[in-house]
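Sequence annotations record features per position, and here TrEMBL assigns transmembrane segment to A:57-79, A:99-124, A:136-166, A:248-272, A:279-299, A:319-337, A:349-367, A:373-393. Taken from TrEMBL, the feature FMN phosphoryl threonine covers A:Thr227.
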Amino acid sequence: MSLKSKLHELKLKYQGKKMAPAFNAFHTFLFAPDETTHAGGTHVKAADDLKRTMNTVIMALIPVLIFSMFNAGYQHYSAINGFPTDFSLMNDFLTWDNFWIGIIKVLPLVVVSYGVGLIVEFIFAVIKGHEVEEGYLVTGMLVPLIVPIDTPLWMLAVAVIFGVVIGKEVFGGTGMNILNPALTIRAFLFFAYPTWMSGDKVWVHGARERSEEILAGANLDAISGETILGYLAQNKGAEMSYSVSDMFYGFIPGSVGETSAFLILLGGLFLIFTKIASWRIMVSAVIGSLVMGFIFNQVVDLGWVAESSKFYGLMSFEFWKHLIVGGLAFGIVYMATDPVTGSQTNKGKWYYGFFIGFISVMIRVFNPAYPEGVFLAILLMNVFAPTIDHYVVRGNIKRRMNRLKDATIYPKDSDGKAEELKAETV
Amino acid sequence: MLEHVELFFKSIFIDNMVFAVFLGMCSYLAVSKKVATAVGLGAAVIFVLAVTVPLNWLLDKYLLQDGALVWLGPEYAEYNLSFLSFILFIATIATMVQLVEIVVEKFSPSLYNSLGIFLPLIAVNCAILGGSLFMQAREIETLGLAFNYGVSSGIGWFLAILAIAAIREKIRYSNVPAPLRGLGITFIITGLMGIGFQSFGGMLTGGGEETEEATEQVNQVQQLEVVEPKEEIVEKKTEVDEKVISYNDVKK
């Protein structure tokens, strides 16, 4: 008796009972459902259901996850032993030692995020009596990738419960939420436990422990693990030691999965190619951030900002580099394009994306407390996305009404033509 | 010029009437079911704030402040009438609201009907009185800045009610759990929107002294900065909650 038939029997046994959604979810997760529609009636056959959509996004995230596991170890050992002088990908980066740090630090984050989130989903599905929704599959993968590596697991669990319940389930579950659940979780962590979420001790594994040991009197070198943005926000003057290619390929400290702009770019292209994510949002967000960065660069070039100003460090940062450091690339590709919380209209997507990029860079520069403020910019635009949509739709209606009015007020040659126009416009 | 721009930006986003200080919640919660009505009320609030804040600034400057009466003669220099601020500010506001009501009833009867009781209630909208009192407390220097402050706080309130009205229109058909329908989910939405508006918290002002201090202190400062408003928000929220409930009871 195979697992499949056992599950099928359990499913039949509990059909119509309270626990039915839980067994259904296991069954459809592990096997292809055997219920098909039979003859009679017309059906739409489409391959891209919710599950397929979610799986595609996860496929785009897998390379980022694997890279982040190696990078966790690479940053850890480099911070202790110093960065390798002649960097070679195979010898210094893709090593078992690096990967081991990833396994013991990154994998638990993924497991806790999925475990806690899915338990909450199952509970709600059983209570409310609907099928378990697939919405958490992507959220659960995104969450571990946007937190600092040393985040304690209980914090993550608390935040996931908050994010899934308050951010999503109270609105009626998947597809109804107004804020991106992954970002709600990140924002909860950020405001509830700020010392674990920002500063220069959280981005590299071991930096916090080491600083505590030093405080206790151990004779060790401190591990410095600042992000590039955190460094620039303090306006210390001298250049960081990271090269542009380091920033682009992601050999820099930062949240677990946000560092590699290269792999995120590949993931973004994959999502555009499979038509899962909106290219309009991505393009307009990139344009928005470049425009804002360029304005700040011009302000610096014109000499309006003194070098001693607290904004100088980030204002003088070349505008295109904003895209390859920090969470901006990750946010644009995986967060802003969330089809539920983003703008739904094509025209609205341009405004929505543009303001995400624009406000992200603005927060980075003007708000030294939040150099990693991309997630807040996306949350803010999530709040305003329905407003944008509302006005785009109103504008459309108004334009069509006007066309209709023109067609009826000026019947040119014959009544027939006006009728034709009317038929076209309505 | 620069101070005008800064004050404008600050009052709209950083010190937003709804999301930073949670004022004017009664009408914010009650009239935000439809975007069109919300826009009408928002515009009325902008207008009333834009008129009353400068008027009250003049009152404050020439009547209420310590020694403000000195223009009557040197013997009045010792008078301090600031205990009258509340009464006089409210009197100005009530007069202006009456004016707005007459104008709206004349020119847009449909808006007048859809706003209902909440139009005269602008008179006791805490965002309006709050605008005047903040103007007094923050010692805004010129009449122009006071006008700017009134308009921009109004715009901040307008943006808030516009955004929540659009969200409420969007979630109208959502399967919200029964106990949370209506006011409950609106409070949760407001809290979540507040998180979004946190992106501006501490902007322009934050981090000035931090740069010189050690990084450990930066962490502490950030913690203080971030945690304190949160607690305040929670407190304010419960306060407002009580207010709304008591208001509803009175109405019944």
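First residue shown is number 1, and so on along the chain.
Glycine is no exception: its Cβ is also placed from the backbone N, Cα and C atoms.
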Top partner of the transmembrane segment (A:248-272) among A:57-79, A:99-124, A:279-299 - counted as Cβ pairs under 8 Å: A:57-79
CB contact flag for the transmembrane segment (A:57-79) and the transmembrane segment (A:136-166), at least three pairs under 8 A: yes
Seg_contact(the transmembrane segment (A:319-337), the transmembrane segment (A:136-166)) with at least 3 CB pairs under 8 angstroms, min sep 6: yes
Cβ pairs under 8 Å between the transmembrane segment (A:136-166) and the transmembrane segment (A:99-124), at least three: yes
Sequence-remote partners of the transmembrane segment (A:279-299) [C-beta within less than 8 Å, at least six residues beyond its ends]: 268, 272, 305, 314-320, 322-323, 328, 332-333, 336-337, 342-343, 346, 349-362, 365
Same-chain residues at least 6 apart in sequence whose Cβ lies under 8 Å from A:Thr227 (FMN phosphoryl threonine): A:Trp203, A:Ile252, A:Pro253, A:Gly254, A:Val325, A:Gly326, A:Pro371, A:Glu372
